[in-house]
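Beneath this line is the structure, given in structure tokens, with notes to follow.
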Amino acid sequence: MASNKLSVVDYVILVILLLSSAIIGVIFGFFKSSKNSAKEFLLANGDMGALPTGLSILVSFLSAVTLLGTPSEVYVFGTMYFYQGIALMIASLVTALVFMPKFREMQCTSVYEYLDQRFDRTVRLCVSFSFSVIMLIYMAIVLYGPALALSQTAGLNIWLCVISIGAICTFYSSVGGMRAVIWADVLQAIVMAIGLLAVIIQGLISLGGFKRTFSIASRGGRIEFDNVSIDPRTRHTVWSLLIGSSINALATYGFNQALVQRYMCIRSTRGAKQALFINAIGSALIVFASGLIGVILYAYYADCDPYTNKKLQEIDQILPYFVMEVLSNKKGLPGVFLACIFSGSLSTISSGLNSLAGVLIEDIYKRLLGRQLTDQRQGFICKIVSVLLGVLVILLTYVVSYLGSILNATLSLFGVFEGPIMGVFVLGFFFPQANRRGALVGFCVSLALEFWIFLGAQITKNQMKSVSLPFSIANCSDMTNSTLTNWTTSTVVSTFFKRNPLIDLYSVSYLWYTPIAVATVIFVGIIVSYLTHPLQPHEIDRKLIISVSDLCCCFSPKRWCGCKGGKAAPGSLNSRGSSWILADSMDP
């Protein structure tokens, strides 16, 4: 472990960040808010600007796990992960052009209202409940994971981190509502950018510049951009990142309540598009910056890997370890970095609390129990629910602390759930004859398949071929014989296991999980719908469908397809019937 500890200046920077977030909640909760309504709490009264909301979208799911995980990913597996930045851009642009206008047209508070209108209440409740459960678990992990890494490398008390972040998030998200969450996200986006730049600049200075850094990384096999293997078991390829990861990101940007709620807060659809374009550029820059830090980390530890040398318990601790070793002599810089990590957790958890409050009230309380509330009453209940959720997340963090080695596996469950959820929306939007039975069975089968692959991958991971790149501990001054022995034996232990016949299925790259889930929902949903009375053109509201002509309007100048405001003109293809493929191919 790094022996350096935080200075008083570092702690002051952390306290300023937390207090600033709390003050934002006070300002928008008690002074700037004109009314205590559900629309104000959940949607900021629909009058937010594009820039602050775009930055809020940017940091909502680029959490502290991302800030710590991306550098370690590049450190271990190389620079193929840089393509993730392009994938996030693609997903954000598709969301801006295709799905966001449709949701804004429907004026949904909860994105799952669409499923109620398109299929039925059962489908909506199943998807809403799945989202709620996994979001709670995800927030607990986002809160605990970084706190654990920081406690073991920077000497911070882990439960002080957990309680301070959880309490501040709960306070400003419940008091100030969505408006406070968005403006706090703006502050946290700035802090994250400063923290990443500080690490990059100081890292390059310590290594002697870009040229030397990339030269060392290249000799270590970390610089790779041309893996075009079509083997789906390969962890990172051009195809899995540009196709699989784009669909993964689309599941979040297009159909996750926390992000849909963001672009429903903006004054106009044009402004919402601008916000998503800002997110497209910003998310790519953050991935590239985090990836560059991974290259810097490898170049710095090329001849003495601290993980192999037993200085770290988990590889995700490599970045805070580097910061405390290299930057601790510059007072304030470790504090800036830690504020960056805290900001990642704050932004993700505050987003989750607000969106979960909306889902629980709109989908569970009002729809399941059939209770009607005034707008003022609903706003007050949302605040209470947000507080209770914050307390629940902190308590769940205590449970997560006992997960041990399966912590990372639990985190990947988020992707397991998002694929089937996206599949139901795709089935509803693009396959007009799909009915409620097809959607429900497709969702359940897809979720079961994803769990099967996920659990199989966890159980048989010791039988899977190692794909990590080599490390060196040749120049570690404190290297011991036991360290070398442990490292050597860990590379051959898998040869003693009997090979599972399904190992090829379980070895599929995690980036293909969401595409597999979406395809399963569509395939099963179409078959079941066909067997149980497929919907006819007159049985479905065309506002709930995205047709071929709609897609043409989304990606072409309006004058080319004769549409106005994203809707097909009379007599265009959209005025005809529907089919299994897309809404335009069958005449009634």
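Including glycine, each Cβ sits where the backbone N, Cα and C put it.
Sequence-distant contacts of the transmembrane segment (12-31) (same chain, at least 6 residues past either end, Cβ-Cβ under 8 Å): 164-165, 168-169, 171-177, 179-180, 183-184, 187-188, 191, 332, 335-336, 338-339, 342-343, 346. As annotated by TrEMBL, transmembrane segment applies to 12-31 (among others).
Proximity of distant same-chain residues to the transmembrane segment (51-69), defined by a Cβ-Cβ separation under 8 Å and at least 6 residues beyond the stretch ends, is recorded for 141-142, 145-146, 149, 181-183, 185-186, 188-189, 192, 196, 252-253, 256, 258-259, 262-263, 265-266, 271-272, 274-279, 282-283, 286, 290, 316-317, 319-320, 340-345, 347-348, 351, 411. Positions annotated as transmembrane segment by TrEMBL: 51-69 (among others).
Residues annotated as transmembrane segment in TrEMBL: 81-101 (among others).
Per TrEMBL, transmembrane segment is recorded for 122-144 (among others).
What TrEMBL records for 156-175 (among others) is transmembrane segment. Beyond its flanks by at least six residues, the transmembrane segment (156-175) meets 6, 18, 21-22, 24-26, 28-30, 143-144, 146-148, 150, 181, 184, 338, 342, 345-346, 349-350, 353-354, 383-384, 386-387, 389-391, 393-394, 397, 401 of its own chain at Cβ-Cβ distances under 8 Å.
Residues or ranges marked as transmembrane segment in TrEMBL: 182-205 (among others). Sequence-distant contacts of the transmembrane segment (182-205), counting only residues of its own chain at least 6 positions beyond either end whose CB sits under 8 Å from a CB of the stretch, comprise 17, 20-21, 24-25, 28, 44, 48, 52-53, 55-56, 58-60, 62, 67, 172, 176, 213, 262, 265, 282, 286, 289-290, 292-293, 296-297, 300, 319, 322-323, 326-327, 330, 333, 336-337, 339-341, 343-344, 346-347, 350-351.
The transmembrane segment annotation in TrEMBL covers 237-255 (among others).
Counting residues 6+ beyond its ends, the transmembrane segment (276-301) has Cβ neighbours under 8 Å at 50-51, 54-55, 57-58, 62, 66-67, 70-75, 79, 81-82, 84-86, 88-89, 92-93, 95-96, 100, 189, 192-193, 196-197, 199-200, 203-204, 206-207, 212-214, 216-217, 220, 222-223, 253, 263, 318-319, 322, 326 in the same chain. The transmembrane segment annotation in TrEMBL covers 276-301 (among others).
For 336-360 (among others), the entry in TrEMBL reads transmembrane segment.
Sequence annotations record features per position, and here TrEMBL assigns transmembrane segment to 380-400 (among others).
Feature annotation from TrEMBL assigns transmembrane segment to 406-431 (among others).
Taken from TrEMBL, the feature transmembrane segment applies to 510-532 (among others).
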- Message: So, taking each listed stretch (81-101, 122-144, 510-532) in turn and counting its Cβ pairs to the transmembrane segment (380-400) that are under 8 angstroms, which one gives the highest count?
- Response: 122-144
- Note on the structure: Taking the transmembrane segment (237-255) as reference, the highest number of CB pairs under 8 angstroms among 81-101, 122-144, 336-360, 510-532 goes to 81-101
- Message: Under 8 Å between C-beta atoms and at least six residues away from its ends: which parts of the chain pack against the transmembrane segment (336-360)?
- Response: 6, 10, 13-14, 17-18, 21, 41-42, 56, 59-68, 109-110, 112, 128, 131-132, 135-136, 138-139, 142-143, 146-147, 150, 154, 156, 161, 165-166, 168-170, 172-174, 177-178, 181, 184-185, 187-189, 191-192, 194-196, 198-199, 256-259, 261-262, 320, 323, 327, 382-383, 385-386, 389-390, 393
- Chain residues in Cβ proximity to the transmembrane segment (81-101) (below 8 Å; excluding those fewer than six residues from its ends, i.e. six or more beyond): 70, 73-74, 225, 236, 238, 241-242, 245-250, 252-255, 260, 263, 269, 272-273, 276-277, 279-281, 283-288, 291, 294, 425, 429, 546, 551, 554-555, 566
